[in-house]
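**Student:** Below is a structure I'd like to ask you about.
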Amino acid sequence: MPLIAALAIATVLLAPAPASDPPTWVFFADKRVNADELEAALARRADELAPRTMRRRVRVRGDRGVDVRDLSPASQYVQAIAATGVRIRTTSRWLNAVSVEADGAQRAAIAGLPFVAGLRPVARAQRADHAPLGTAEPSPSAAFGVAETQLALLGVPALRECGLTGAGVVIGVQDSGFSLQHQAFAGLHVLASRDFVQGDDVVADEPGDGEGQDRHGTMVLSLLAGDDGDAYSGVAPGVSVILAKTERVDEEEPYEEDLYVAGLEWIEGMGADLFTASLGYFDWYEHPQYDGKTAVVSQAAMVALANGLVMFTANGNEGPEPGTLIAPADVDGIIALGATNLDGVVADFSSRGPTSDGRTKPDLLAPGKDVWVVRPGTDNEYLQGNGTSFATPLAAGVGALLLEAYPELTPGEMLALLRTTASHPDAPDNDGGWGMIDGYAAAGLYCTCTDGDGDGHFASACGGDDCDDGDPARHPGAAEVCDGRDDDCDAVVPDGEVDGDGDGVLPCAGDCDDADPARRPGAPEDPDDCIDSDCDGEGDLACAPTTGGGSDTGESEASTATPTSGTTAADEPSTSSGASDSGGGASGDDGCACSTRGRGAPLGLLLGLAALRRRRPRSRVSSRPQ
C-alpha cells in the first residue's frame, strides 16, 4: 500500500509591494514591417511554428494560420530599449512588448521614445507556504486507488472503461516546476520542457530555485497524467505533455505575469492541443479591470484561444465573496474552474464571479478540496491537498479525453460541450458556474455507440447520424458522388443519381435521356434515325448538315425538317444554313431533310452543363458534437 499523508494548498495571496522597482511592460506602437516585407516574414514564421500548431490554427481560424501578431517586436525597438541600460526579461510577439527591469529614470526615458505606445507594471502574485494537515488512511481498493472518488465525481471511470486515456493529445502544463521522481510518472511522455525562471530546460529544482520550487507543479501534473497502477491514477495518463516552469515560489520573489505570457506563447507554438495552468494574477488590477480584456495575461489568453488552443485555468482561491476571481479566468472562452469537496459541495475558498462586465464565472466545477496527489520528493507516497489549482488539472484531463474522442473540438465547442452536460446547465450561477463536469455525458455516443467504419460518425442504429456504418465514404458532410446512393446521409438521393428509365446508367454518368432506356452510353446506333442513341454527342452520318445555295440578297431563312424516325420538329429542332430561292431544304439520299443554319453547341456539352446544374452542391451541417 502506498504511504499516505495530507496537505493543504493555500490560496494565492496578494504580494506585498516589493522594496525594489517592479518589472515593467513596454508596449510598442507597431512591428516596423512594411507591406513588401510582411509576406516573407509571415512565411518564415509559419515555417518556424510546429506543423501541429499550423494545422490547428488553420482548422480553427480558417485562414493561413499566421498574421502580424506572430512576428517578433522590431529588433531596432528592442535594441533602443536595451540601450537605456535596462535588463530585458521577456519578449512577447502577441503583445508586441518586452518586459524590463528598470528604475524610475529609465522608465521615463523609455516612455519618451516615439515608438513606445505605453508602459505598465508587470502584475505579481505569490503563494503562501503549504500547510500540512496531518495524515489519513484511505482504502485504495478501487480500480484507481486513492483517486477513485475524485475521478468518479467527473465521470472518468466510465470514460476510461471505454478506452479513453488521452492518447494522441498534447497538453501544455505551466506551473512552478516538475519533479518526475515519483513512480506515477514512470510512463509519462514529455515532449519538451523549459524553465522560464532560470532560462534553461531544467524544470525540476536546481541551484538558485527557492525551496520546494517544483512541489506544486508536481502535484498538479499527477492529477492530470499520473499512473501508478491500482494505487493511483490521474485523469488522462495517456497524454503527452509540454512542461513550462514559470512561477517563482520564494517569499521574497513573487512570480510575475511576463513569465506566464512567455510560457503560453511557447507552448502554443510547440503544438499543444490543450493548455492548463493553475496560476492567476490580481496585484495591480482592480475588480473593474477583470473584464477579460484588460489584464495582460488575459490579452495573451485571448490570442491563444483564437489560435485554437483549448485553455483551462483556476478561478482563484479568494472566495467566498462575489467578484473574487483572478486573471486570466475572466476571459470569455477560457474554461475557469471552481473547486468542490469530495461530496460535490463548493469549497468556501473557491473564488466567485461575476466578471466586472457581468459574465458568470467560474464556468465549471471539479473536485479541489481533499483531493489526492503524489507527494513530491518521494517515490510512492500520496497526500491530500486543497485549491482550485487542483480542480483545474482534473478538468483539463477530462478535456484531454474528449479531445481524444473528438479531435476537432474548438475551444468554443469544448466549453459549450462541458457546460451543457454539467450538473446544472439551465441554472448557472457565480458560485459554481454550470456545475460539476460530467465527462461521461460530454462524451455522448462515443462510449455508447459504434463507429464501425472509422469515419468519425456513429451508427444510426444506436442514435448516431451515420446512415451506413460499414462504408467510410457515407456519412453526414460527405461529398455526393455519382453512385445512386445518399452519400451525405440527408435522406435524399440527388436527381442526377436516379435511374429513371432503368437502363442501369445514371444521368450523372452520361445517360442523355433518362426517360428512354434505348438511349445510353454504349447503346447501338442506328445511322438512319438521326438520334444520338449512345449519348456521345455525335449525330448520325445521314443527318450531317448540308449547305444550300445562298439567296440573291445573301440572307438566310430558317427551315425545319422532320426526321424519318418520326421524331417531331420540337424534339429535334434544326435550321438551314443556306436556303434556296424557294426556301426548300437540301434533301439527302435517305430522305431525311436535316438542313441547318449553323452548328449549335454539341449535344454532349449541353448535357454536361445540365448535369452540372443538377449537381450544384448543397449546404451541409456539421455533425460535430455540441
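Cβ atoms are placed via backbone N, Cα and C, with glycine included.
Pasting the feature list from TrEMBL:
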type     : residues : note
ACT_SITE : Asp175   : active site, charge relay system
ACT_SITE : His216   : active site, charge relay system
ACT_SITE : Ser389   : active site, charge relay system
COMPBIAS : 556-580  : compositional bias 'Low complexity'
COMPBIAS : 612-626  : compositional bias 'Basic residues'
DOMAIN   : 166-435  : domain 'Peptidase S8/S53'
REGION   : 541-594  : region 'Disordered'
REGION   : 607-626  : region 'Disordered'
SIGNAL   : 1-21     : signal peptide
**Student:** For Asp175 (active site, charge relay system), what is the tally of other C-beta atoms lying within 10 angstroms of its C-beta?
**Tutor:** 26
**Student:** What does DSSP say about Asp175 (active site, charge relay system): helix, strand or coil?
**Tutor:** strand
**Student:** Counting other Cβ atoms within 10 Å of each Cβ, which of the active-site residues His216, Ser389 scores lowest?
**Tutor:** His216
**Student:** Pop the mean pLDDT for the domain 'Peptidase S8/S53' (166-435) in here, whole number is fine.
**Tutor:** 95
**Student:** Give me the CA-CA distance between His216 (active site, charge relay system) and Ser389 (active site, charge relay system), in Å, as a whole number.
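**Tutor:** Computed Cα spacing between His216 (active site, charge relay system) and Ser389 (active site, charge relay system) is 9 Å.
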**Student:** What is the separation, in Å, between the Cα atoms of Asp175 (active site, charge relay system) and Ser389 (active site, charge relay system)?
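**Tutor:** So the alpha carbons of Asp175 (active site, charge relay system) and Ser389 (active site, charge relay system) sit roughly 10 Å from each other.
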**Student:** Provide the three-state secondary structure of Ser389 (active site, charge relay system) computed with DSSP.
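**Tutor:** In three-state terms, Ser389 (active site, charge relay system) counts as helix.
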